[in-house]
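Annotated features in Swiss-Prot:
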BINDING   C3, C6, C19, C26  [4Fe-4S] cluster binding site
BINDING   H253, E277, C321, C408, C436, C461, E495, K497  hybrid [4Fe-2O-2S] cluster binding site
MOD_RES   C408  cysteine persulfide
Amino acid sequence: MFCFQCEQTMRSETGAAGCGGPKGVCGKDEATADLQDVLIHQLKGIGQYVTRLQALGRRDAEADSFILYALFTTLTNVNFNRARFVEMIATAARLRDRLRDAYAEAASEAGQTPEALGGAAAFIPADSLVGLLAQANVASVRAGAEAVGEDVIGMRALLLYGLKGVAAYAHHAEVLGETREAIADGVARVLDLLAGDPVDLELMLEEALALGRVNFTVMEALDAANTGTYGAPTPTPVRITPVEGKAILVSGHDLRDLHAILEATKDTGINVYTHGEMLPAHGYPKLHAYSHLAGNYGTAWQNQQTEFAAFPGPIVMTSNCLIEPQPLYRNRIFTAGPVGWPGLRHIADGDFSPVVQAAKALPGFTRTEPERTVTTGFGREAVLGAAEQVIGAVKAGAIRHFFLIGGCDGAAPGRNYYTEFAEQAPDDTVVLTLGCGKYRFNTHEFGTIGGLPRMLDIGQCNDAYSALVIAQALAGAFECGVNDLPLSLVVSWFEQKAAAVFLTLLALGVRNVRLGPTLPGFLTPALLDILVNRFGVRPITSAEADIADALAPKAAA
């Protein structure tokens, strides 16, 4: 086992990063980690055939969908169930064989001789768990490191981990019916590239930026899927204290699963609560219309073991981030979609009736607590609807600066920086936020500025798309570039969705992003130098110093 894909990966005193041994920091055991590597190796081979079929005018929707789902299962804190990975490895082998035959047929019909592909495209997985684990060394993210060096391994990892984030967002869009050929083509292109074990750093950097542009398309598609299905988010106060009654808790990111649970509990007297990244769901009109969507319970993912133990009903994990379930709630937590943990009940078919039955059998909340709320739903349409008011406040000097403080939360030391940054931001500045990092400060009383709330919750991590559209619209209004706006991006990262968003920011030319609490362990000093020198990426320091730097007058170019 070797894994260094997330922010919490083990780090030695010398600075070397990576989890090994029997279990990673996230709780992923060695066997599961190795099986994930084997699956990704197979996906590279599938990508080789998909790209060649695309070049011959053939498309394969099953392959496109499987790639997204399978990559999603390998994200941090998504699926820990080795049996599911053994099944997916077998499925991948059958799919690869079918694609190989389809490619040979298509090439023959086009009067071409098909390439004899080796490596990942020719990989034959063992037919036993022991055999699969013995094959993991050829699939490791560090395979060939002694020959190619750490910089190449790190750049390949940046591509792979960004690709995982892209796939996760694309899967969320796909389940709501939003698919685009450009997305499937971009994903397969990177898999095909990685299958060839690239060593050219400049080529891989260009491909990483191209992947960032693909991710912008993916986030646009997911935005279209979410708003097309559930309406454009509107500013909505969300109760954060419970009400008396039976209850279900829904965590993760998947709005379709939340909608299905709301439908399944309609007229049952069961209340539904969101958790973590599901908080922004309350801003979507068609979801908010369910009167039994009672509020948001708890905070960010890393606090779930305490929060889930105290919740008096069943819990559904619809996507990342799952932590090892504790005995106090293990028998009442369900997984759905790409999520998995050995021994937990899995909802594979969208039928949440077992969850409803569990809610009826559990006590629920026995009393209604005094109401407290937070506000979400400041999506691009809501903010741009007030654009004249915002622009007027900037021109009048009421708003001096915008801080986008967003991204993933986590348990590692140093994340209090984001709380301090938001709370220390001067009263003439606006705080925009997205992702579960908002829980660090979203109950703080920020007040108003120019008739607008000083803290605007834009949504989930994928709603970075809304933030970018807002920034581009403001740049157009002020007749300047995004980098010339009074706007600073202060990003907290944790896993691979954040890596995809980061690549999008770089691809769109957004400079001077502050990134923390630590920099990715897979990026070597040489790769970090590239990001610093070419894109102005900088690590966070202290809230006080970084605020002062952001607000300091900038020298004329």
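Just so you know, glycine gets a Cβ as well, placed from its N, Cα and C.
Where Swiss-Prot records a feature, it is marked here on the structure.
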{"residue": "C3", "record": "[4Fe-4S] cluster binding site", "Cβ contacts under 8 Å, 6 or more apart": "T9, G18, C19, G20, G24, K28, A33, V141"}
{"residue": "C6", "record": "[4Fe-4S] cluster binding site", "Cβ contacts under 8 Å, 6 or more apart": "V25, C26, T76, F494, E495, Q496"}
{"residue": "H253", "record": "hybrid [4Fe-2O-2S] cluster binding site", "Cβ contacts under 8 Å, 6 or more apart": "H172, E277, M278, T318, S319, N320, Q460, C461, N462"}
{"residue": "C321", "record": "hybrid [4Fe-2O-2S] cluster binding site", "Cβ contacts under 8 Å, 6 or more apart": "T76, N77, V78, G252, G276, W301, Q302, Q304, F494, E495"}
{"residue": "C436", "record": "hybrid [4Fe-2O-2S] cluster binding site", "Cβ contacts under 8 Å, 6 or more apart": "G276, E277, T299, A300, W301, C408, D409, C461"}
{"residue": "K497", "record": "hybrid [4Fe-2O-2S] cluster binding site", "Cβ contacts under 8 Å, 6 or more apart": "L75, G165, A168, Y169, N320, C408, C461, N462"}
Number of other Cβ atoms within 10 Å of the Cβ of E277 (hybrid [4Fe-2O-2S] cluster binding site) across all protein chains: 29
Cβ neighbours within 10 Å, counted over all protein chains: which one of the binding-site residues C19, C461 has the most? C461
Environment of H253, E277, C321, C408, C436, C461, E495, K497, the listed hybrid [4Fe-2O-2S] cluster site - residues of the same chain whose CB lies within 8 A of the CB centroid: G276, W301, N320, G435, Q460, F494, A498
When a 10 Å sphere is centred on the Cβ of C408 (hybrid [4Fe-2O-2S] cluster binding site), how many other Cβ atoms does it contain? 27
Remaining residues near the recorded [4Fe-4S] cluster site, that is with C-beta within 8 Å of the centroid of the site residues C3, C6, C19, C26: F4, Q5, Q8, T9, M10, G24, V25, K28, A33, T76
Reduced to three states, what secondary structure does DSSP give E495 (hybrid [4Fe-2O-2S] cluster binding site)? coil
In DSSP terms, helix, strand or coil for C3 ([4Fe-4S] cluster binding site)? strand
Across all the protein chains here, work out how many other Cβ atoms are within 10 Å of the Cβ of C26 ([4Fe-4S] cluster binding site). 21
Counting across all protein chains present, how many other Cβ atoms fall within 10 Å of the Cβ of E495 (hybrid [4Fe-2O-2S] cluster binding site)? 27
